[in-house]
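K.L.:
Dumping the structure here so I can ask a few things about it.
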Amino acid sequence: FDCGSGVGVVRSEETVLLNQWNHITLYRHRWDAWLQLNGGKHVQEECTADRCSRVPCQHGGKCLTSEDSAVCLCPLGFSGDLCEIRVDLQVPSFNGSSHLRYRGLGEEALTWLDFEITLKPTAPDGLILYNGHRGDGFGDFMALYLNDGFVEFGYDLGTGAGIATTQHRISLGEWHRVRVSRTGRLAILSVDNQLPSEVLSPGAFTQLSLPLNLYLGGVPNFGIVSPQVRVRTAFVGCVQMVRINGRTVPILAEALGGANVDNCPHPCIARPCGEDGECVPELDYFTCRDGSSAVLVVDNGPAVTRQSVEIPPMSVSRGENEGLYVGGMPNTSLLSLTRYKHGVKGCVADLVLNTDYRLQVINHSEVGHNVGECEV
């Protein structure tokens, strides 16, 4: 039976008696119905509409039903069971029912496609990135996904799919960098420090046409996904960077739509760069794309932000005192304008500059004074 927005089916647990009279009792009121066969067990069912009436999605969320439940698909900027929580999205998190939708690559990937993505998966299977040619899943496509912990890149130029697979599984709950480079029929998949995997698609066609929307983190309906893609679940985890053909994609600003996207636990959520600054995720850390502020974070605690101030030029001559000093410096009081009297007393174990340059504190030093070995 159908109440107007979905079919409900009542099925008896017993089978009918062949070549005998059977007695069926059927009752329906509004969305509820029950059935009894030959005095057996009452079997009850309800219309899809009733399940959604118990899940009043807010802020434009849509109710999605399954055989025994109903959930809300929340628009961008909202989360929660009923889409009741307003979210200031910074680093998107996908929960297995999420997706973000973008303009398709179209003719931009005809002969050449190069993209990078930084992600942190929490489940071993899931569709990460997808762009296709037809709404029924057939024809040209490209897809990046996790299959039992292995990263796979699949694509079809019209004469059969090619699939590149990493040699090793990637760890869950950690950040990984994935890069795909495709020229004509050849595709190369690189993940972290693993050896690259290469694949050559079959046939003679060399061009890839992708006029439909590009999806990140999942799709609204797996019916649009090519049957050559070897997973049928959405990605679960976080994505912090997508770069396509050399251009970094503003993941949230350029999204045309999406559903059930929440924030990934990350320091950028606290807006450490201020209202005018842009927090750029760098794995578990970040940088500020704003030259007028500085940020201090200690032991993953709250970020302290201060706007820059103009410091009057020092009247002392730098001369031989130019350079980077760790732990202290000659004439500390003079060169710090009497703000500090001496250097630090303690140990320095690690120093990283600009998020990726790890300074060898001892090996890279030119001179040192009164430096001992710290007890571990």
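Cβ coordinates come from backbone N, Cα and C, glycine included.
All annotation found in TrEMBL is predicted automatically rather than curated by experts.
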K.L.:
Candidates are Cys63, Cys83. Which one does TrEMBL pair with Cys74 through a disulfide bond?
P.N.:
Cys83
K.L.:
Taking the Cβ of Cys83 (disulfide bond) as the centre, how many other Cβ atoms fall within a 10 Å radius?
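P.N.:
Around the Cβ of Cys83 (disulfide bond), 23 other Cβ atoms lie within 10 Å.
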K.L.:
Limited to the domain 'EGF-like' (48-84), I'd like the whole-number average of pLDDT.
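P.N.:
The average pLDDT of the model in the domain 'EGF-like' (48-84) works out to 79.
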K.L.:
Could you give the number of helix, strand and coil residues in the domain 'EGF-like' (48-84) as assigned by DSSP?
P.N.:
6 helix, 10 strand, 21 coil
K.L.:
Have a look around Cys74 (disulfide bond) and count the other CB atoms within 10 A of its CB, chains all included.
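P.N.:
That number is 28.
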